[in-house]
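**Q** My structure is below; once you've seen it, I'll send some questions.
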Ligand SMILES: Nc1ncnc2c1ncn2[C@@H]1O[C@H](COP(=O)(O)OP(=O)(O)OP(=O)(O)O)[C@@H](O)[C@H]1O
Ligand SMILES: [Mg+2]
């Protein structure tokens, strides 16, 4: 089959899937709604109808939040995997999410009256700091670091930061505020947050799409790229900025959710091959598919209780991770 | 006319001095081969003249111009480099890999020109890869993979081609094919070839000039006949070689470990 056609079909199917998931998500939750209620909530909103209010003020922002998170996490995952040339990289696994979460805890603990924008900046700073740490660690060894070692250092960083976060939370009695951050979930996403954070994600996605053609070079070694006359460091730095923005934002929105960024790029590559101009858009949409679906399951599996959304993703993510680790081990 | 010249070049990894005060000249339009034991610095020298490593001291000249004053995008149109280890890109198909060779000629978002397609087909044909063009590198044998990488360097269509051990992994026949291909690129198209080889008989048969390196220093350089001598081989490789002549080029018939003193 023609590669372009194949790509278009995959893109359309995953978009359709996303549309269906979004509609289901708005309709089903702890309480079911008639289609007409959903329709009215969007097009003929009545302020004092409780069902419509739930849909308009809770469900819809929540679904949009899930879409944005999926896009952001999958986008930062695909970048991490290609710039570290490491199939197991993911902002969660490399500890970047936990760095952002730590800085969020710090902001809650010491600056409790900060605005959403303010806490987001803390979160992004945490992500930036941890990314730099991970890259310094991975470049200490001159030869290419093995995927497993990079992942292990990331996990150590992650465990360390999570421990500090929890310690702080315990000491300062923040446990309640932070509990949901550790599991991750989009239940609390509000319109205000979306308005504040949406533009950041948009910036991240624009950089990402702009980088897509250059990402193809990362199939080659640094020597080969340079001898083809391209400067890979510029691409690396832009990609890193993009990762930092995307993972910082997603943590401040839903907490540290791992594995989306790990799984989705692999699925996209499995489906359409090696061209990042196609992999990246597909990755973004499939990421949204996964998070919207996970969120839908999270709130319908055991109503009226919410199952943590991060837990559902880990349920798929952990076996996948083990599979990748085994595959990597066999190649070595 | 020299295409490349190094002047008192020193290269270090971290703080370890790997190449010491190396001054060499590589003539244009000829085949020049670097020889020397494992770890003597051949790859390091290749990476230095290809502007992939910065010397800690000294200067590299490309076409009589200090290479640091050239843009890397221009250098990429003058020389192509095949590194010694190429273990990445295994998910790509042969054709996708060879297409990378055209990057120096393409603006960031432009699509490929007719010339690009022509050069890619030509490179695939030269490397006898037409039948394998849609295969993924991970499904190829070591030798086929090596040919794909060579094809990428050919597609770059540069006057100078630098190859670090292009015949590793290849069986006798395919080694010969690669060497003949390199010779053809040199003779028919007047490309300058710079390579590192371990097979001294190939080095002797296919090169015009040899540069022998030992422990990061220049041991001897010049026309093949001057370099491949019993005394030089003792000094460079610690071997005692029985050398005969074939087609006016020295050939090593057999060799033993040298047990005497090196000079
Ligand atoms: N990236 C690196 N970091 C640190 N040291 C290195 C690096 N690459 C090579 N070296 C060291 O520099 C010296 C020269 O290595 P180089 O690869 O240039 O040798 P070579 O002549 O190409 O050997 P071979 O025939 O095995 O390919 C060796 O001692 C090697 O250990
Ligand atoms: Mg070498």
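Note: Cβ is positioned from N, Cα and C throughout, glycine not excepted.
Per TrEMBL, the features are:
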- A:7-30: transmembrane segment (TRANSMEM)
- A:60-80: transmembrane segment (TRANSMEM)
- A:92-111: transmembrane segment (TRANSMEM)
- A:117-137: transmembrane segment (TRANSMEM)
- A:149-172: transmembrane segment (TRANSMEM)
- A:197-218: transmembrane segment (TRANSMEM)
- A:238-267: transmembrane segment (TRANSMEM)
- A:279-297: transmembrane segment (TRANSMEM)
- A:309-326: transmembrane segment (TRANSMEM)
**Q** Which residues of the same chain, at least 6 past either end of the transmembrane segment (A:279-297), have a Cβ under 8 Å from a Cβ in it?
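**A** Here the qualifying positions are 7, 10-11, 14-15, 17-18, 21-22, 24-25, 28, 62-63, 66-75, 77-78, 185-186, 205, 208-209, 212, 215, 257, 260-261, 263-265, 267-269, 271-273, 307, 309, 312-313.
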**Q** Mind checking which residues of the chain, 6+ beyond the ends of the transmembrane segment (A:60-80), have their Cβ under 8 Å from one of its Cβ atoms?
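**A** Hits for the transmembrane segment (A:60-80): 18, 22, 25-26, 41-42, 86, 89-92, 94, 96, 186-187, 189-191, 193-194, 197-198, 201, 204-205, 208, 211, 215, 239-240, 242-243, 246-247, 249-250, 253-254, 257, 260-262, 264-265, 268, 276, 279-280, 283-292, 294-295.
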**Q** Give residue numbers and ranges for long-range contacts of the transmembrane segment (A:149-172): same chain, 6 or more residues beyond its ends, CB-CB under 8 A.
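**A** Apart from its flanks, the transmembrane segment (A:149-172) reaches 84, 86, 88-89, 92-95, 97-99, 101-102, 105-106, 109, 130, 133-134, 137-138, 178, 182, 256, 325.
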**Q** List, by number or range, the same-chain residues at least 6 past the transmembrane segment (A:197-218) whose CB is under 8 A from its CB atoms?
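**A** Same-chain contacts beyond the ends: 68, 71-72, 75-76, 79, 82-83, 85, 116, 120, 225, 228, 230, 232, 235, 238-239, 241-242, 245-246, 249, 252-253, 274-277, 280-281, 284.
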